[in-house]
Amino acid sequence: MKTKFKEIILKAGEVLLRYPMVLVMALLASIGAVCMFENNQYKDIFFTFSKFTICCCIGISLMFALKMLSQRIGKAYFLEIAGVAFLIGFYFILPAKEKNFTEVYGYIIAVTALLSHLLVSFVAFLNRDRELRFWQYNKNLFINIFLTAVFTGVFTGGVELAILAVDKLFDFNFSDRLYTDTFYVLAIFGSCFIFLLFNERGLDHLEKDGKYPVILKFFTQFVLIPLLFIYLIILYFYSFKILINWELPRGWVSYLILAYSIVGILALLLVHPLKEDHTKSWVRIFSKLFYFTIIPLIILLFTAIFTRILEYGYTEPRYFVLLLALWLLSVVIYFIVSRKPTVKYIPVSLFLFGVFALIFPYFNAFGVAKRSQKTELLKLLQENKILVNGRIDFQKKVTDTLVSEIADKFEFLAKRKQKDFLIHLVPDKNQKQLTADIESVDFWAVSDHIKNSFTRTDKTTASQHERLTILSENKVISIGDYTYMIGLNRYNYNKETREINGDHFNIIENRDNNSVLKVVLNSREELDFTPAINQLIESNKNKTGTVKLPEISIENNLGKYHIKLVLSSITREKNPYNKSENVYFDDAVLLIKEK
C-alpha cells in the first residue's frame, strides 16, 4: 500500500513537470468557472469570467496539442508562447459586454473548440508516414478520455457525497457554493489531471504498438454497424419516397445523413488496423461497401441543402452544413480513388475546412452569410414592390408573414453590424429610432420597429398570442415635490393597506370589471387608472412586440391628494381565438402629495 501511494505521488509529480501549461489552463478554467457562479448576479462580471473560462478550456486542448508537437520536434517554449498569444488574442476577439454577444460569437467559439481538439489528433504526425502509430495514438487517447470520464464521475460524485454527509451528520451547514465550487474544480482541473495521468510519458507512450482491444471490435460490430444499418434503411426508404412522389427532400434529412456518415467513419477508424488481417474479411468488405452506399446519400444531402439555400439564402448553420457535406464528399472521393489512402486525411481535412470557414477572406462563413442575407432582403423587397427610390414604403399593403420575414432579416443583419446598409433602406423619419435600437444592441426592438412601421398589414396566420409591450425608456424616477412613494408589484399590491396621515390607501386589481389598476381612499373615494391605460394601449393597437416611450405616467387627483402613477412597462396579450385580452404591468410606483 505504501509503495502504491509513493508510486501515485511520483506519477503526479511527473505530470506536473511534464504538462505544466495544460494544468495551468485547467486550473485557471476551474477558477474562472467558480468565479462565474459566485458572480452570476452581476452580468458584466459574469460575462468577463465566462469569456476567461471559455478561453482557458480551449487552452487545455490547445496546450496538450502543442505539447505533443513539442515532444516530436522540440521548441516547447516557443510553441507555448505562441499558444498563450493565440488565447489572449481570442479573448479580445470576443465582445467586451454581454449585450454584444450574438450567435456569431457562439459559432466562433464552437468551431475553435472543435479545431483545438482536432489538432490534438494529428499535429504530432504531420511529417510521419507511420499509419499504425497514428492509429494507436488516437485509439489510446479515445480510451483515456473514456476512462477519465468514468474516474472523474465517480470521484466527483464521491467527494460531493462525502461533503454532504459531513454537513448533515455534524451540522456544519455548508454553503451551497461549496458543492458547486467542488464540482467545477474536480470536473475541470480534476478530470484534466486524471487524463494526463493516463497518458504517462506522452507521445512515446500513446503511439506505441499494443494489442488491439477486443472491446473496440465488439463495439463496432454489434453497436455501430447495426446503428448504421438502421440509418441506411431509413435514408434509402426516404429516398425512394422522394422519387415516387417526385418531391424535394426535407431539410432535416441533412442531419441524419451527416450522422450516418460520421458514425460510419468512426466505425472505420475503430477497426482500421484489422483491414490487414486476412481473418477479418468483414472489415475489408465493410470498408469498401460504406463509401459506395454513401454516394446516393450525398446526392440527397446536396439536394436538401441547396433546396434551403436557394429558397432562403445562406446563414452560418447552412454554410457549416454545406461545408460538412463538401468535406464528406472529399473523404469519399479520396478513399475511393486513392491507391494508398491514409486515415490521417480525415482529421487533417476537417481541420482545414474548419479553418477555411473561420478565417478565409471573403468566403468565410460570416462574410458569406451577411452578403447572402443582404441579397435575400433586397430580393424580397423588390419582388413585393416595397422599395420606392431605394427606401421601404411602409404604407404599402403587405401580409404579416412578409412583414415577419423582412423583420427577421433586419434583426439578422443588425446582429452582424450591418447598420449602414439597413439605415439606408428605411425612410428618414425611421432612421433615428432604428439607429438607436441597433446602437443600443436591442435586436428585438429592431425587429419590432420594422413590424410596427408597416401600417397596412393583412393577417394571414394565427399566432397563439399577440403580445404588445409598451416600455418606458426612463430608468430613473424623479420624485420632485411629491411627499410619499409606494412601490407596486402586480403580484402583491392588493394584499395590504397603506396609511398616510391617517388616510388608508388600497390598491386593487379588478379583473371582472376589466379594471387594470384602481386606488381606493378610505374605502369611499377611488381613482381608476384603467381608462388612461386603455387609451395608451388603444393608441398602439395595430402594433406588436415592444414599443418604447420616453415615460409612462398618469396623474390625477384623489380626495385631498394628487397622485402620479409611474410604470416601467405595460403588456397586453390578446388571444386571437376567443378575442380575450390580458393587460398587466410588472413594477410601478405611486407618487403622492397633498394638493
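Each Cβ is built from the backbone N, Cα and C atoms, and glycine gets one as well.
Annotated features, as they stand in TrEMBL:
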TRANSMEM  21-39  transmembrane segment
TRANSMEM  45-65  transmembrane segment
TRANSMEM  77-94  transmembrane segment
TRANSMEM  106-126  transmembrane segment
TRANSMEM  141-166  transmembrane segment
TRANSMEM  178-198  transmembrane segment
TRANSMEM  218-240  transmembrane segment
TRANSMEM  252-274  transmembrane segment
TRANSMEM  286-307  transmembrane segment
TRANSMEM  319-337  transmembrane segment
TRANSMEM  349-369  transmembrane segment
Best-contacting stretch, by C-beta pairs under 8 Å, relative to the transmembrane segment (252-274) and drawn from 45-65, 106-126, 178-198, 286-307: 286-307
Chain residues outside the transmembrane segment (45-65) and at least six past its termini with a C-beta under 8 angstroms from it: 19, 21-22, 24-26, 28-29, 32-33, 35-36, 39, 80, 83-84, 86-87, 90-91, 94, 97-98, 101, 109, 112-113, 116-117, 119-120, 123, 188, 192
Beyond the flanks of the transmembrane segment (141-166) by 6 or more, those residues with Cβ under 8 Å of it: 120-121, 172, 174, 178-179, 182-183, 186-187, 190-191, 194-195, 198-199, 206, 213
Tertiary contacts of the transmembrane segment (77-94) (same chain, 6+ residues out, Cβ under 8 Å): 21, 51-52, 54-56, 58-59, 62-63, 66, 69-70, 101, 105, 108-109, 112
Intrachain residues whose Cβ lies under 8 Å of the transmembrane segment (218-240), provided they are six or more past its termini: 249, 253, 256-257, 259-260, 263-264, 266-267, 270-271, 282, 286, 290, 293, 296-297, 300
Non-local residues, at least 6 beyond the ends, that sit with Cβ under 8 Å of the transmembrane segment (286-307): 225, 228, 232, 235-236, 239, 242, 248-251, 253-254, 257-258, 260-261, 264, 267-268, 271, 275, 318, 321-322, 325, 328-329, 332, 335-336
Sequence-remote partners of the transmembrane segment (21-39) [C-beta within less than 8 Å, at least six residues beyond its ends]: 15, 45-46, 49-50, 52-53, 56-57, 59-60, 62-64, 66-67, 80, 83-84, 177, 180-181, 184-185, 188-189, 192-193, 196
